[in-house]
Amino acid sequence: DGDASELERTRQYMNEAFQSGAMTCLICIASVKRNQAVWSCCGCFCIFHLVCIQKWAKDSLFLVSSPLTDDDFGKKDYPWPCPKCRFEYKRSETPSKYYCYCGKVENPTVDPWLVPHSCGQICEREFKPSCGHKCLLLCHPGPCPPCPKMVTTTCHCKKAKPVPRRCSAKEWSCRLPCGRTLLCGQHACENPCHAGDCQPCPRVSKQRCICGRQTAERLCASPQWQCDQVCGKCLPCGNHTCEQVCHAGPCGDCPRSGKRSCPCGKTKFTLPCTEDVPTCGDSCDKVLECGIHKCSQRCHRGPCEICRQEVEKQCRCGKHTKRMPCHKPYLCETKCTKIRDCQKHQCRRKCCSGNCPPCDQVCGRTLGCRNHKCPSGCHRGSCNPCPETVDVKCNCRKTVIKVPCGRERTIKPPKCKQLCSRPPTCHHSTQEKHYCHFGRCPPCRQPCQKTLTCGHLCPVSCHDEALVKQTGLHQSAGPWEQPSEPAFIQTALPCPPCQVPIPVECLGQHEVSPLPCHAANPYSCKRLCGRLLDCQNHTCMKECHHVTKLNSSADGKKAGPECSQCEEECTKPRPAGCPHRCVLPCHPGDCPSCHQMLKIKCHCKLSVLYIECLKLTCADLKEKELFISCRNQCPKELPCGHRCKEICHSGSCPLNCSQKVKLRCLCKRLKKEVQCSKIQEGQVSLECDALCKEMKRKAYEIKEAEAKAALEEEKRRQQAELEAFENRLKGRRKNKRRKDEVEVEQSSWQKYKNLIMLPVLGVAVVMV
């Protein structure tokens, strides 16, 4: 709901900046690169090279400050304008350093992830018009967008409740009548709620003029008005009337009353208003127009004459003097030879004061665009950028962009959204839709749709203008010659073979496959023929082939004369248990009965039996059991270790062994004969009696006594060895002890310390 007029600046800036593909400095007509120092105008936001704008400002200040007159020279601080929008800057605002767009960072570093010439920080420039908020976008070129902050504000007339709105559109109208009292004080404003002061009252009413003589219908907003009549009221003197036009209030005193001066102003008289003031007779002495001399006439009415005194005058250039009347200017005929500010042409003005005016000739130098000449007056420094713009058009001339003059050679043509209107170059009546372009149209990709010899339409892309590589046109003179790039010519190619699928049955009638129209002939599917031969057991193993039907009613799955003949043996399944083959070749129907003799072993694998195959295969389970049995005792051993008592049989032997065995108690003293099967089943056991237990106890006591005696013997042996070892360590004593010396009983440590320390010392020595 804001003012969209401000967005026009942004739209124009974006259009000019990016439509032509790159930013352009309007001073040097060159592209602005990301690693170059730049300056941005705060009026139009156009970007220039820093060096270019500094030179521009210097030249502009020199041209503007060129002295036109002696009085103005060096007294004014002339501004310099932007090359594009002519926004004026002071001399002190001439850029000297390279800053980012927001002006925070000097010499911003080049960052490929940021906008060129941006510091990457928050902009924080104040919005225009100022609202107290700052821009929160990252440092950016161009104008800041409208303020996006939300504020609570009421309408212009303050009647509506405050509502939250964007700060940039905080001023809004409730569309209710304003109602404020107008300046007329009688009526109220009837316009919808609006900003600013109310418009003047539009109503009409009858109003008197200031003097009250006339009445007219006038706008209520301007109640005071003057008529055209002179007042005419008699003044207080009674001799004259008021000469003022319609006025309010009293007319005032007569202007001829009181003290009045003579024309020269030296003498004052008090006279009636009906008498004129006489001259005083003294000299006038008013300063003449020359500003040097005074009027020498007597006091007179009217203006003084021109100064006619002769004086010695110097010309404007100061080279000549001459005596002449004071009122006449003196200009000599000498022409000025000074070089004007353009530093090219002489002044050539007669009697020049030295402050030569700017050169009035046309510059005529070729501008940077190389197309036009400078139309400005002759000047120093570089010329202004070419003000002209050039239209860069697409091929169809319907899409146009305007670029600065001189850039049309490097700017790419605009992308046109119009369809190409060129006629097709192939056999089609219309070409594919594509956008306007320069150069040749792209190859036609529409289906060819020409009728082939088979009657179908060609489905491939149009091939009237196919590029074909030419070979063999140029033969190299030797290996030193570089091979040239292959040449391509545009020619029409014939339609390819028809690829429309046609259902075709194979020779053996196994399948129906879709084949390309140009190759739709009977074919072999490479499968086996599979037709049933005369043996009714096997099929034809030949590769898919043609089969002649002997009669029309024959089955399509039966073999024909072209199929192979069966030469295999009979492979029909034999009766269960018959290991022999059929004696006939492959034949239809059942096989004959087998009368061969079978050589098999009996159940116990000890005897070989000969039985007719037919009898064995036709017998039931019981008969087979009898046929295979040798009628001898089974040679297998039972788990108990005895031989099976049954006649030769199949399967596992029965576990009820009837063999008699001897059963003993634990001490092996008692024994008893029982049946083997009862022992295996745990039904019989033989326990020791009281006599067995007594004998067992006595044997244990004897064994304990023997073990105790052996232990005592071992202790005595070890004690004897220890005493012998101690005697060897003591050696022979030098002095014999007295016989009557009482032996002192030694402690345990004294007795055995040598036995303990000797091994310890030995181990220590070994470790060292």
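Using N, Cα and C of the backbone, Cβ positions are placed for all residues, glycine too.
All TrEMBL annotations are machine predictions without curation.
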Range annotated as coiled coil - as stated in TrEMBL, picked from 64-111, 640-687, 688-735: 688-735
The domain 'NF-X1-type' (342-361) - residue tally per DSSP class, helix then strand then coil: 0 helix, 2 strand, 18 coil
Counts of helix, strand and coil residues, the domain 'NF-X1-type' (131-149), according to DSSP: 0 helix, 2 strand, 17 coil
Tertiary contacts of the domain 'NF-X1-type' (369-388) (same chain, 6+ residues out, Cβ under 8 Å): 26-27, 29, 55-56, 58-59, 62-63, 83, 340-345, 358-363, 404-407
